[in-house]
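What Swiss-Prot says about this protein:
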MOD_RES   M1  N-acetylmethionine
REPEAT    2-31  repeat 'ANK 1'
REPEAT    40-70  repeat 'ANK 2'
REPEAT    82-111  repeat 'ANK 3'
REPEAT    115-144  repeat 'ANK 4'
REPEAT    148-177  repeat 'ANK 5'
REPEAT    181-210  repeat 'ANK 6'
REPEAT    213-242  repeat 'ANK 7'
REPEAT    245-279  repeat 'TPR 1'
REPEAT    338-371  repeat 'TPR 2'
REPEAT    481-523  repeat 'ANK 8'
REPEAT    527-556  repeat 'ANK 9'
Amino acid sequence: MDLKTAVFNAARDGKLRLLTKLLASKSKAEVSSLISEKTNGATPLLMAARYGHLDMVEFLLEQCSASIEVGGSVNFDGETIEGAPPLWAASAAGHLKVVQSLLNHGASVNNTTLTNSTPLRAACFDGHLEIVKYLVEHKADLEVSNRHGHTCLMISCYKGHKEIAQYLLEKGADVNRKSVKGNTALHDCAESGSLDIMKMLLMYCAKMEKDGYGMTPLLSASVTGHTNIVDFLTHHAQTSKTERINALELLGATFVDKKRDLLGALKYWKKAMNMRYSDRTNIISKPVPQTLIMAYDYAKEVNSAEELEGLIADPDEMRMQALLIRERILGPSHPDTSYYIRYRGAVYADSGNFKRCINLWKYALDMQQSNLDPLSPMTASSLLSFAELFSFMLQDRAKGLLGTTVTFDDLMGILCKSVLEIERAIKQTQCPADPLQLNKALSIILHLICLLEKVPCTVEQDHFKKQTIYRFLKLHPRGKNNFSPLHLAVDKNTTCVGRYPVCKFPSLQVTAILIECGADVNVRDSDDNSPLHIAALNNHPDIMNLLIKSGAHFDATNLHKQTASDLLDEKEIAKNLIQPINHTTLQCLAARVIVNHRIYYKGNIPEKLETFVSLHR
């Protein structure tokens, strides 16, 4: 174990005597260097503060001049917090004496993590009331929110820490402050079921506001299934009759899909139906749908007590009612609407009803693409689920275990929607696509193409497939490390796209169809590797031969001046199958001489040859 690690471990474990020995013979500069260095992203002081070693903290500050504000990585409940200062770590862990010492030594009370979380927020999160009080007494700002706009009061409400919430309110915390998504502290109480805190907030004049999705605290409670909050708010003076009805109907939908309690759902739906008809002079009927939805098996919402009673004998119809109600009340843009449609589809798939699953998932995907930003993780998850489902169906079909077939139209429809997602992302120039999300979407598309190659099709269908792939390639999309689709097709890492296996990469079939549809075989990634370089790294001679036959330049070099041949594993059979001499021309040898001898050629030879020579740099 090196000295740096030994110093770090001693500080983390609170072994002051050992640390003193380790540093005894070191110069001031050496001590400073050892104490300031990070191990696993954290300084010795940060670890000492995290684990509450007061004597160690004071020794590091007073004897070693450790920097009191330098942040680092700390782990809480399995989550790594980046950029956490020592005061934040001590506050989160509940070490009051360490917090007091750090502040006495000049620590900034409002110094934040990378996500803009303050020490006060950290103490509020885990319910450390005495630390909260001490920080506030030392001028901690109650209103500093994290990157999501979530305040100390909000997190106290969400975590159910009533005494802390009360203390913050007494100290003047803004009870109606909104997060980035428009949530208030009342929403946090509703989502966590903290009824007592909600009552207290209302005493401090909290307002029933809607969030960014148009959700009131009452609807938030209905979505999360907190009946105590729903019962309380449906009797609140600020709640209208229509809001009460919607809340009860939505709560019933939650009982169906989240709690899996059909009788409980009926109880709340009956309450809502009785409210609709309670005033015979002013019956509140459900809106008449303009069209019936095929994915919901053309179900209609029940509109009378008699129709509601009829649902008892048809559990499947009840589940469709839940989806209809949720879409009507929350709208298509709310994440829960598409989430539970997908959930219901997955349940159908588990029971072998793949047709119902595909119809529901397609409907959810259309909803997501119409309402979410391009390459949203939720949309990517839907596309991946389709790829995994189709792969499973094709495997079981091949084994003769499954009667249902995967049709070309099903697969092609999802490929088209996947390409549409890339088009949407590339058109959004003001906000460039996240490379990791784009890489995932590109990988999913390649898996879908791979699956399509296993499905029989007509000449017209084959033409449409290649036309779509051509359109996809013309978008010139790039993934991680600036990989083109062809780079991804020849890389083994493309195999790992989700939890379940879909297709195996490198894929000769996918590579072949990409080339046939116009993929550039000499395209470069950020390390100047061509697809041939990546195929060589993956030791796939068949793909290398295909790329070379299709015009890939064999002795082109990458950023590290390596050819594809240099990257082949000598132990692999590929070395024997790819003979450099068979693919090296006199023109290549001349270009190498020019590059190796640094002969100035720009402007002295035709532009086309300049490009050729540059391939050999």
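One is the number of the first residue shown, and numbering goes on along the chain from there.
Backbone N, Cα and C atoms are what each Cβ position is placed from, and that goes for glycine too.
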Positions on the same chain near the repeat 'ANK 2' (40-70), where near means CB under 8 A and six or more residues out: 7-8, 10-14, 16, 19-20, 23, 31-32, 34, 80, 82, 84-87, 89-90, 93-95, 97-98, 101-102, 105-108, 111
Within the predicted model, mean pLDDT of the repeat 'ANK 2' (40-70): 97
Helix, strand and coil totals (DSSP H, G, I; E, B; other) for the repeat 'ANK 2' (40-70): 16 helix, 1 strand, 14 coil
Among the ranges 2-31, 148-177, 338-371, 481-523, 527-556, the one whose Cβ pairs under 8 Å to the repeat 'TPR 1' (245-279) are most numerous: 338-371
Contact set, same chain, for the repeat 'ANK 7' (213-242): CB under 8 Å, 6 or more residues outside the stretch: 181-182, 184, 186-187, 189-193, 195, 198-199, 248, 250-251, 254-255, 258-259, 275, 284, 329-331, 333-334, 336
Distant-in-sequence neighbours of the repeat 'TPR 2' (338-371), which means Cβ under 8 A and at least six residues beyond its ends: 253, 257, 293-297, 319, 322-323, 326-327, 332, 378-379, 382-383, 385-386, 389, 393, 404, 410, 413-414, 417, 420-421, 424
